[in-house]
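Under the heading compositional bias 'Gly residues', TrEMBL lists 51-64. For 424-583, the entry in TrEMBL reads domain 'Glycosyltransferase 2-like'. Among the features that TrEMBL reports, region 'Disordered' is placed at 47-77. Per TrEMBL, the feature transmembrane segment maps to 104-125, 137-159, 563-582, 602-620, 671-694, 706-724, 744-765.
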Amino acid sequence: MESLKVGYFRAALPVPLGRLTYYFLVDGARRVNPDCPTAIDEGGTRYNVRHGGGTAPTGEGGGDPMDDGWGRPRPPSRSRRVLSHVSGLDLYSSYSTSAFVSMLLFRLFYVAMIPTGAYYFYWLAVRGGNELAPVCFGVFFLSEGLSFVSALISLFGMWKPVRRKWRSLDQLRPALPESEWPTVDICISHYKEDVEALRQTVRAAMRLDYPAHLLHIVIGDDGYYPSSKVVERSELGVDMYTMCAEEAGYDPLMEEEMNSKGLVEHYTVKSDDALPRHDCAVESHHFDFGPYGVDQFAAGALPRLSLVARVKLAEAHNKAGNINNVLSNGDTDGRVILFLDADMKPVESYLLRVLPLLLEEQPTDSLQAQLVTGAQDPELGGGASGSWQINRDIGFVGCPQRFTNVSGDAPDYCAHRNGIFYNGICTGRDGFGMTDFVGTNACWRREVLNEIGGFVYGSVTEDTLTSNEVHRRGYISKYADEDLCWGEAPTTVAAALLQRQRWAKGAVMNGLRIFKGAAKERKALLSSRGKPTELSEFYAYRRQQRKPHNAFVSTMFWLDSTLYPLLGWGAFGYVFCALYYLATANAPISPTSTSSLAGAFVTYYVVRYVAFFSAFWEAVPMVDILRSQQCWFSFCFCHTMGVWDALFSGGSKFGWVANTGASNRRSWMEWFNILTVGALLGGIVFRLIAFVLLDDGCAPYENVGAVFFGGYVAWMMAPVARVSLMERLSSGSEAEREGKALPIPVPLVAAALTILGVVFLSGWANTRCGLEAKA
C-alpha cells in the first residue's frame, strides 16, 4: 500500500480481469457510452466492455467459451478482433471459426477475382482463342464476360452479411409493457385464389401470439367486379363473405337470417367524394366482421376481421392498387402493417420475433428524447417505460418465404427454395441496410408508406419498386433470417417459368424507371403534409446524410436487380458453344500450352469458385447452390421473354400473374429446355459416332472435350426438362406428377451404356488412329 497524502492511499491488488466491469457515470447516473465497445447480455441489457485478453472464470464443466462466467459475453481476443475487422462479421456475435474463415476467404478471393479475371480475358483475346472457330470463340468470349460481370455484381452483396441475435418482444430488457406494443394491421392480398387456402392464412393470422385488440386482419380482395351489387352476389364474393363470417365466429343461424334479409354487419361502400383515394378504386366495399367496442378486450376475443373489395379503374395497378385501396380506403390505422400473400401462413411467434427489429433503445438523455415527447409524436409511444421506441430510420423488416412442398428432403428442381437469395443475398444486403421487399412476409411502418404515397405504381413487381423508393429516401431495412412464414411453391414448371418471366419483366421495368429518373419526390404529396416536427426534421437530416454513403452500394444493388435477366444471356452462349463444339469438334479456345491454360483459365476459375462457395459456405446448402446454377440455364429463355415484354410490350397493361400460378400446368416456354437437352444428347451421340467414322479415331482430346462440355450443359438443364416431360408423359394424377422428374431407369441405362461402350471401343480400336496406337 502506498500513501499518497494525508488520508489517501493507493493499493495494488490482484483482481481477475473477468471480475472487472466497466461503466460510465453521468451526473451520478450510470450510462452506456455508444462510442466505446458495448455488448448485450442475455437479458437484453447493453453495457460497455473493454477490448483485451485475460481469462474469465467459467461455470462448472467449462461453460460457454463466449461467456465470462456471469452470463455476459467474454471480451473478444486480439485474434478475434483482427478476424472481425478483416471479415466484416459482428465482433460480438457467436460466429464459428469456420464462418470467420469463409468470410475472410471470400473477401480475399473476391478482390483477387478482379485482376485474375482481367488477365483471363486478356489471355482469351490474345492467346487463347481458336482461330478455326471465330464465331464460337466470339460467342464464348461474350458469354464469359457476361458471367464475370454477373458474379462481380451479385457477390458484392455478400461483403458484410448479418446474422442477427434474436430477442423476443415479450422478453426485452428493460421490459416493454404490453400496453405499449404497437397496433398491427395484417393485410392479406387476395386475387381469385382458392378460398379454402385463404382460410388457412386467416386462421394462422388469428392464432398469432399477440394481443387480439391490437390486431386488425384485413383481406384485400382484388377480383374484378363491374358494380357494387356484383360484389355481394358473385360466387366468389359469397364464398369470401361466408369464410370471413365463419372465421370471425358468427352464429350460422344468425348469418342465414341476416343474409335472407339482405343485412350485412358493418357494411359500408365508399365512392366519389367519400373515397379518400381515387387512383386505386372507383368504389371500395368494406365488410367489418368485428369484434367491436369493449368486445375486443374480452377474454378469448378474436382479432378484428375485415374484407375490403374494390371496383377497379381501367388502369387498376394490380396488386399495388389493391394494397393502396386497403391502406387509404379501408379504415386501417395500425402503426405497423404486416403484408401477406393469400397462401402465406405466419407462425404464432411471427410478430414477437420481428417487431423487436423495428425498435431501438431510447436513452432518456438522447437528442431524440429531448427534441420531442411521446405525446407529441405517435411514433415514440411515450409510455411509462420510456425505454423503447420505433426506430425512425427503418422502413420495413422482411423475412424469407418458406414452402412446405419443397422443404426438407423434398426435391426442388425449380429452385423454389431460392436459398442463394433468402439465406445468402438477403443477409448480405441486410449488412448494408438495403434488403429487398419480396411482396410478402414483411412488417412496414405506416409512416414510411404514407411518406411515399403507398405502394409505387409502374411495374409488375411493385414490391421491389416500393423498397427501392424507400431506400432512395435514406431509410434502411432489416432482415429476420428465420422460418416465420410458410406457403406453397408453384407446382409445375409452367407456373415457375411464368413467375420468373414476371420477375424478369419487373426487374427491367424497375431499372428503367430509376435510370430515367422517374423516381422523384412527389411535390403534391409533400406539400399536403403538415409542418414536420423537430424530430422528423432530425431523422430526415440523418437519412440525407446517409444517402451519399449509400450511392455506390445502391448502384451495385440496382445493377444486380436490373441486369440479372440480361446477364443470364450468357447461358444461351454456352448452349450455342456446346452444340457447335459437338457438331465440329472445334473448341472455342485453343491454348498454346498447359502452363498457359493453367495460368489464365484454371487460376481464374479457382479464384472465382472459391469466392463463390466461401460466400455461401455455412448459410446455403450445397444442393440449393447446385439448383441455382442449373436454373440459371433453365430459366434464361423465360427471362428473355420477360425482358422482351418489358422493353417492347408497347405500353400494354400489366397482367397480375398469380404468385403461385397453380392453374398453369403447361407453357410453350418449356419446349426450349426440352428441345435443348434433346439436341445436346443427340449431339453427344453424333460426336461419338463421328469420332469413329468421320475422324477415323483421331483427335481424341477434341472429341472427348466436346462430349464433356455438351454433357455438362445437358446435366445443368436436364432436371427442369425432366419435370416438364413428367407432366406431359406420365399417366398419373396431377398430384402424382407435380414437382416430380421423369424417372430414369438406371439399370436399363447402365446396361445399354455398357453394351454401347464396348461397341464404341471396338470400333475405335479398328480405326486408323486406333490401329496406329496399338502398333
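Using N, Cα and C of the backbone, Cβ positions are placed for all residues, glycine too.
At the 8 Å Cβ threshold, with sequence separation of at least 6, the transmembrane segment (671-694) comes into contact with the transmembrane segment (563-582) through 3 or more pairs. Taking every listed stretch (104-125, 602-620, 706-724, 744-765) in turn, the largest tally of C-beta pairs under 8 A with the transmembrane segment (563-582) is reached by 706-724. Using a Cβ-Cβ cut-off under 8 Å and counting only residues 6 or more beyond its ends in the same chain, the transmembrane segment (602-620) has close neighbours at 96, 98-99, 102-103, 105-106, 109-110, 112-113, 116-117, 119-120, 148, 151, 155, 158, 161, 419-420, 423-424, 427-428.
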